[in-house]
Amino acid sequence: MPKIIAAKTIVTCPGRNFVTLKIMTDEGVYGLGDATLNGRELAVEAYLTQHVIPCLIGRDAHQIEDIWQYLYRGCYWRRGPVTMAAIAAVDTALWDIKGKIAGLPVYQLLGGACRVGVMVYGHANGETIDETLDNAAVYAQQGYKAIRLQTGVPGMSGTYGVSKDKFFYEPADSDLPKETIWSTERYLRSTPALFEAARERLGDDLHLLHDVHHRLTPIEAARLGKDLEPYRLFWMEDATPAENQASFRLIRQHTTTPLAVGEIFNSIWDCKQLIEEQLIDYIRATVVHAGGITHLKKLASFADLHHVRTGCHGATDLSPVCMGAALHFDLSIPNFGVQEYMRHTPETDAVFPHAYTFKDGMLHPGDAPGLGVDIDEDLAAKYPYQRAYLPIARRLDGSMHDW
């Protein structure tokens, strides 16, 4: 058996902060796992260092399920974003080790490929509708079949999804939370115009997506979904805060626009009702936030029973280690829908060399043993941690709103 003899965390900031767990075995094989929790990275790093790593030493690295249960049930204070990100890092690293020892890519260990590649969607955004659609046209020319559209809301600077750079979006970029303003009324008036213009310019063949980012009440979300029906969206994401899962029932009753939610979910219990009652069409839980490949595979199987497909979160707050793991997962499940894909900075790609490649609107994880993603520790050390917060939002009257 490959025995775990050491493990360590690597914190680096090649454009944004990432926490990577490296697990070493007595056979000389190591595995990597992503433990990044956007804006709270050091909390997970401390949890791993102080509470998880000491419990791993001497264990059989092949016993992935048992180690997962040990870390989940054994901590008593189960679930939550910090605990589940730490468990995810361990789980992902163990799958990486297992694949390397077997000489197989992880997707082969998960049952083999169900498709030739993983359809991904890019992010097109801009201060104006024309600017957003100009950027969308670039993605279409690059071969993307699915594109998320976000645009500025008139009279509101710093709207969610509008980046400072044309294609790189890093919202966690300030030493203290940046304050933005929000008006639901202006947003509801302007958003349908974006998609009307998009269909006129981009045609009917592209899949179009939109992220509300938890900002609407259920009835407001129902109204927006109804207004967007003529433009046949692939999905409307995070239409309302999902703490109350039953709130999606009201939205579902009023619109046929497909609904997606789940990037902030940490376990199957956060979305059990949503899936069981078919209140959503896509579940967006991802490897690093939902306990790793082991738990996400179970969640996807449960979703498959209820005709819910996956659409894993894949923004740049996840490192290439997580993206690689997500692609192996995506390739292996029958109910895959789409994978979010935001390109990392060149500095990040240099720190995390990877085997996955893009072609014709799809990513493929490659056939290197394990995850096919590595880390250059010397280069990572040149990019020290930098504290960074996500923005916050206030309504026009000064009260707090969901960002």
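Here the Cβ of each residue, glycine as well, is placed from N, Cα and C on the backbone.
Swiss-Prot lists ASP211, GLU237 as binding Mg(2+), and of GLU185, GLU196, GLU200, GLU263 the one it places in that same site is GLU263. Cβ environment of ARG284 (substrate binding site): GLU237, ASP238, ALA260, VAL261, GLY262, GLU263, PHE265, THR310, GLY311, CYS312, HIS313, GLU340 lie under 8 Å away, each six or more residues apart in the same chain. ALA315 (site 'Important for activity and substrate specificity') has ASN38 as its nearest neighbour among the recorded positions ASN38, ASP211, HIS213, going by CA to CA distance. Each residue in VAL212, HIS213, ASP238, ALA260, VAL261, ARG284, HIS313, GLU340 lies on the same chain as ASP211, GLU237, GLU263 and has a C-beta within 8 Å of the C-beta centroid of that Mg(2+) site, without being one of the site residues. Listed in sequence order, the residues THR286, GLY314, ALA315, LEU318, MET342 complete the 8 Å Cβ shell around the substrate site centroid, once ASN38, HIS123, GLU263, ARG284, HIS313, ASP317, GLU340 themselves are left out. When the binding-site residues ASP211, GLU237, GLU263, ASP317, GLU340 are compared by the number of other C-beta atoms lying within 10 angstroms of their own C-beta, ASP211 comes out lowest.
Each of the recorded positions HIS123, HIS213 was scored by how many other Cβ atoms lie within 10 Å of its Cβ, and the smallest score goes to HIS213.
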